[in-house]
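Novice: Please read through the structure below; I'll follow up with questions.
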Amino acid sequence: MDQNRSPNGRDCREPPSPSSTARPGLVVIAGPTATGKSRQALLLAQRLGSPLLNADSRQVYREFDIGTAKPTPAERALWPHELIDFVDPRHTYTVAEFQQAAQARIAAAHRQGQTPILVGGTGLYIQSITAGLGIPAVPPQPQLRAQLETWPPEIRYAWLQQLDPVAAGQIHPHDEVRTLRALEIIYTTGKPASYLRQAHPPDYPILLLGLHCPMPRLEQRIARRTAEMLAAGWIEEVKTLRQRYGPDLPLLQTLGYAEIGAYLEGRIPAAELQPLIVRRTRQFAKRQMTWFRAMPGIQWLDCEAEDLPEQIWKRVTAWMAAQTSAGTTPAVAARPPADP
């Protein structure tokens, strides 16, 4: 038997995890697309023995796999992933539904003395938990939505800018799903969604880690990943989804899927498809960074650092030790420099 390993397989030279003694809290790994969040969260979950919860608004849906960069079946076999791949694509899964499901799972983990890990790039999903936003529990309104869908997308977004400029500033102009949802809330409640989101912060400690890199490097990562996704069969995935659900499915109007749909309809030449997806994904990443930079307490790490897993581990163990000794969190690290 390896003398450096305990009976449960843990490396005895590694500092013991403080998870058994620290006050249970929540570790969040956030950041823009293509920064490797899922990989780092998986490594941390395996090391801590913690539940791993998804906070990506498109990865909750079944069958939307390649284009959402959903963890592969092989990755999910390594460690259980929760709040992922469980919603029918025809159902509009609301932030309120996510918040309720995530809060329930976090509470269950805390009862077991565990500190779960929340990972994703959907800022509103994450902030609904970390800030305890009061998300309007407005069920989908099919008749209202059908009426709103008769408007051209650019008119819907312009109208949202007039009715709720705060919400519009947090939604990409091409994100028709969230634009429709925001308008649905406004017309149902008579109040802007941003006004209704009153915060009730949770009473447990939270460590918020953000992965980033300068935009030129991030664009290279986006371009590389887009090429890999197309090579992995993304176009075939879109063809199958369009055949199964029809081209008007709201999820098929989201980033990447909409561009491939336009290509399949002959509205985008093949040579322009990949550059267009890369460009729009870059724009989306910039909006994500704007959101995350505004989140208080976030600690930034370079997503391309060779020792990134160890950096994350040191931050987490120091934070958990602080909960045990003083009930306070470590000082917040400097924010990343603004991109050119």
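Here the Cβ of each residue, glycine as well, is placed from N, Cα and C on the backbone.
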Novice: Can you check which of 36-39, 56-59, 140-143, 188-191 Swiss-Prot lists as region 'Interaction with substrate tRNA'?
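Specialist: Going through 36-39, 56-59, 140-143, 188-191 one by one, Swiss-Prot gives region 'Interaction with substrate tRNA' for 56-59.
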Novice: Averaged over the region 'Interaction with substrate tRNA' (56-59), what pLDDT does the prediction give?
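Specialist: Average per-residue pLDDT within the region 'Interaction with substrate tRNA' (56-59): 98.
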Novice: Among all chains shown, work out which of the recorded positions T33, T35, S38, T122 has the most CB atoms within 10 A of its CB.
Specialist: T35
Novice: Where K37 (ATP binding site) and T122 (site 'Interaction with substrate tRNA') are concerned, what is their Cα separation in Å, rounded?
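Specialist: Between the Cα atoms of K37 (ATP binding site) and T122 (site 'Interaction with substrate tRNA'), the distance comes to 12 Å.
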Novice: Measuring Cα to Cα, how many angstrom lie between G36 (ATP binding site) and T122 (site 'Interaction with substrate tRNA')?
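Specialist: Pair distance, Cα basis, whole Å: 14 Å.
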Novice: Hey, for the ATP site built from G31, P32, T33, A34, T35, G36, K37, S38, who else sits with CB inside 8 A of the CB center?
Specialist: G121, L211, C303
Novice: Quick one: of P32, G36, which of the binding-site residues has the smallest count of other CB atoms within 10 A?
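Specialist: G36, out of the binding-site residues P32, G36, has the fewest neighbouring Cβ atoms within 10 Å.
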